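Down below is the structure, laid out as structure tokens.
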């Protein structure tokens, strides 16, 4: 059973690593994620990761309580580095060679982000974890994922969430919400479906970088997705919109 993709970028939210109360780092979750990543790596797939920091700090929340927005965002970037190190440790305990590259220079614990070096790591089948966001305030880690995926030539972005795709409405609030199996970037933006921020979606749209939104918490989903099973919601430049059950 081979992979549909040669090189992928997995976007993980901070909550994928969160402990009780959606805060901190749960090492069991980190090791579970590392096992899922190893299964895909064993298929010969080159893997890059971008991880958020919301389980530790959300810059936008700090800005709301009076901290300067740029300062708050820098604090959030540092949180992503903590998560990246936790994920690196978990992956290496599974025997995976891993490199953390940070957009913010922090040389004693991570490489500085250099595109050509990142590509070389991927070619050598090392896991590359991109941390520190874009290195600039006001940009989300979703935008980081879009930017890095385009820069290092990934085939697809796999956006790992706690829901099994993109819905017509919030399924927690609307029992009639339907899941899209496929939707275009433009429709996602126009309908304000909150898949990613508009900057991230626009970057993917302009560079023809498909996104698949899926549930990372269901064991085996990542491998099934990479091997071609129809899981989650595909967002692409195709204007064909498909809704489950229709």
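Cβ coordinates come from backbone N, Cα and C, glycine included.
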### Query
If Swiss-Prot says 11, 12, 13, 14, 54, 58, 167, 170 bind ATP, which of 27, 161 does it name for the same site?
161
### Task
According to Swiss-Prot, 73, 134, 135, 136, 137, 138, 139, 140, 141 bind UMP; identify which of 53, 66, 153 is listed for that same site.
53
### Query
What is the nearest of the binding-site residues 134, 136, 140 to residue 54 (ATP binding site), using the Cα of each?
140
## Note on the structure
A 10 Å Cα radius around residue 53 (UMP binding site) captures, of the binding-site residues 11, 13, 161, 170, exactly 13
### Separation of alpha carbons, residue 140 (UMP binding site) and residue 13 (ATP binding site) (Å)
11
### Query
Whole-number Å distance between the CA of residue 161 (ATP binding site) and the CA of residue 138 (UMP binding site)?
22
### Summary
Out of the binding-site residues 13, 136, 140, 161, the residue with the smallest number of other Cβ atoms within 10 Å is 136
